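Asks: From TrEMBL, here are the annotated features:
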- A:3-135: domain 'Response regulatory' (DOMAIN)
- A:150-215: domain 'HTH luxR-type' (DOMAIN)
- A:Asp52: 4-aspartylphosphate (MOD_RES)
- A:1-18: signal peptide (SIGNAL)
There are 2 protein chains.
Amino acid sequence: MTRVLVLHSVSLLRSALAALLTKEGAFDVSACGWGTAARLSQTLRPDVCVVDLDCPGATALLEGDTEGAVSTGTTDITGTTGPTGPILTPRMALLVLASAGRPGALRRAFEARALGYVDKNGSTHRLVRAIRKVAEGERFIDESLAFGFLEAARMPLTQRELSVLSRAAEGESIAEIARGLHLSNGTVRNYMASATRKVGARNRIDAIRISQGAGWV
Amino acid sequence: MTRVLVLHSVSLLRSALAALLTKEGAFDVSACGWGTAARLSQTLRPDVCVVDLDCPGATALLEGDTEGAVSTGTTDITGTTGPTGPILTPRMALLVLASAGRPGALRRAFEARALGYVDKNGSTHRLVRAIRKVAEGERFIDESLAFGFLEAARMPLTQRELSVLSRAAEGESIAEIARGLHLSNGTVRNYMASATRKVGARNRIDAIRISQGAGWV
């Protein structure tokens, strides 16, 4: 029986996903949030880990940055750790639930070597099939997400522009961003201007809105 | 048997919530998105309608603004219509799934006369109990949301400040906002400044971030 671990930051939704998978797929399903994910993944040794990409914690999980989860553990080969050790292990297949139109999130999942990419607006049947496939080590990508991959491949922003935009999105002023990144105010303004132009935005606020919508920042 | 209609914009999550409620509560559960909500609510005549407040469509539903749902229907007594008529009917109890820390969303649910307020980070058991209570016409409010209600009662922004912030959040410039609201540029700047001060923000982008987080805009 395939063991599935559902990771979601909202408890009612992870219980709901677990109920769905138990009912429709006859999997052995557990569900938890980021806080207990490491412990549970080590105890249960799941075959497949299902992660909702739109959860705030998903980005940190995929990037191996567990600051938000009060990391005290060690870093394993995948570079992703939780409070008591690694969450994702090399033997576990990663399957992400993604929304179309968020290429930035897909890109991060791809970089974290996710094997399955399932559209959250697809059918339960597809999700069950995807879990079975990735459990066997095969890749699964929903057609509706394919365009997002294409967009993800041509991410328009440089790392510097992303850093500047992310800090601006958190409410930092030009001067604060400049201090934080050891740049001059003028350079920060230049990065903001180039990022705004590249994403086709009308102004800084619009650039942040567009970039957040796409999942770049 | 209590008839429950689950409204969620993401199909996998609404299927999941339906599976959870069928399993744990022995309710007669249906689930749909905004597009078919009106038709289904008229056909099924559910006792309780469960809506996730964090869905993009929830705000429009609660405010009776169904522009986003390509409204062609008529407005009923509750003022909320879908493509083929009303979604919420006076005989149906409204239960919302809410996140703590989003008083603006709670406020809109309260104004739409929701009877049940369930914390999305609570237990399935609480949700089942809440559905049973509101089906009997009783109010249900999760304790963890109580502080949100307190904050919702003292919403800091005026309607004008909210309008200006919402338009700025969509990427409109000062001049565009001024034209759209028939105000002078200076007046728009004043509203932006007062809104920024009132929510304790450092600048305009910070004001938008804070207001969106709280669910005000």
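Placed from the backbone N, Cα and C atoms, the Cβ positions cover glycine too.
Note that TrEMBL annotation is computational and uncurated.
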Asks: Long-range same-chain neighbours of A:Asp52 (4-aspartylphosphate), Cβ under 8 Å, sequence gap at least 6?
Replies: A:Leu7, A:His8, A:Ser9, A:Leu13, A:Leu17, A:Ala58, A:Val96, A:Leu97, A:Lys120
Asks: Can you see whether DSSP assigns the residue listed as '4-aspartylphosphate' to helix, strand or coil?
Replies: strand
Asks: Express the predicted model's confidence over the domain 'HTH luxR-type' (A:150-215) as a mean pLDDT, rounded to an integer.
Replies: 93
